[in-house]
Amino acid sequence: PHTGRLALYLLGLRATCPPPSPHRALVTWLKYYLEEDWTGSRRHGHPLTSYYQYGLGVLALCVHHKRVREEVIRRLLTAQRHGRLGHGGNAVDTEAVVALAFTCLEQRRLVGTELAAELRAAAHGASRSMAEAQGPDGIIGNIYSTPWALQVFLATGTCQTEPAFGQAMAALLENLEAFGTPATMSQVLPVLHGHSYLDIASMPCQEEPDTLTPLDMEPLAEVPGNKTVQLVVECPLPWCYDLRLYDRSVPVPAAASLLDVLQAAAALEPHEFKFHTQDTPQGPFLTQVLGLEARQEKRNYWQLLTAPSTPLQMGIADYRPQDGETLILRLSEW
């Protein structure tokens, strides 16, 4: 099911103040996708896509003022209570999306009084856990999950009393260059203006001026020269007996991203180095390296680090390593 993609499209469509008729069928499709998505739970215990996409679907329906069956909402409540919402920055993203969906349903009065109280408590609990997850640099999860956490603080009204809010906002302002894709920009722009996605539901569309104009983007300047990156693949127990499976120097152009480094390594040794990615709204996500696949049901993922042990705050298409840097791909458990 294309739950997440359709949910993001409907959120964006609502923000443009369209006439009601064009998107009615799409809202119906989203309801259908949410039901289809959950059929995966009978086999895997989680949606066919992910709790992130499932939460986005509930949020998009709420923003469009559509009721959601209580069973659908309780699936998310149960997942949150049992800690099934992911790992690292992904956990912050997912918990934030789910908290925004809960807050929307409660504030729009689309659920009964008893369930509304449960949703309010769950959203405030998520807000507290995000504050506790904040690092010394002010970032919550990673730089891309930080805007999601800030949206929760804004939506739940805890932004005025939570010290983590100001620290996270300062960290965000110092790292704005990381938000270079439409998907990441759409997450950070509302926060910079003091809003969350929940505010889309109450936009005064009659007063909204038509200010959308095309923007001519300058292509990025080519950086001359080359660089060499040390690429390491690690797979600890219980998945592998040998910790270090790959350790090679990879020459690439000076402006190359981590994705370019992976592609160069595959071109240098096509029979030895292979990898796969999955397209997401935030860019390509690394799913398989050297035939080893990270799977949600196995609770593992490919962690990206710069030596010796610093997790990367950007995706593989956005991070541009320095000359001589050692990059580690480590199969890790969450």
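Glycine is treated like the rest: Cβ placed from N, Cα and C.
The following features are taken from TrEMBL:
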{"type": "BINDING", "residues": "T49, S50, Y51, Y52, Q53, D93, N142, Q187, W302, Q303, L304, L312, W334", "note": "cyanocob(III)alamin binding site"}
{"type": "DISULFID", "residues": "C62-C104", "note": "disulfide bond"}
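Checking each of the binding-site residues Y51, Q53, N142, W302, L304 against C62 (disulfide bond) by C-alpha distance, the shortest gap belongs to Q53.
For the binding-site residues T49, Q53, N142, the greatest number of Cβ atoms within 10 Å around a candidate Cβ is found at Q53. Annotated pair W302 (cyanocob(III)alamin binding site) and C104 (disulfide bond), C-alpha to C-alpha distance, rounded: 33 Å.
Counting every protein chain shown, 26 other Cβ atoms lie within 10 Å of the Cβ of C104 (disulfide bond). Taking only the Cα positions, the spacing between T49 (cyanocob(III)alamin binding site) and C104 (disulfide bond) is 22 angstrom. Within 10 Å of its Cβ, the residue among the binding-site residues Y51, W302 with the fewest other Cβ atoms is W302.
Note on the recorded positions C62, L304: the fewest other CB atoms within 10 A surround the CB of L304.
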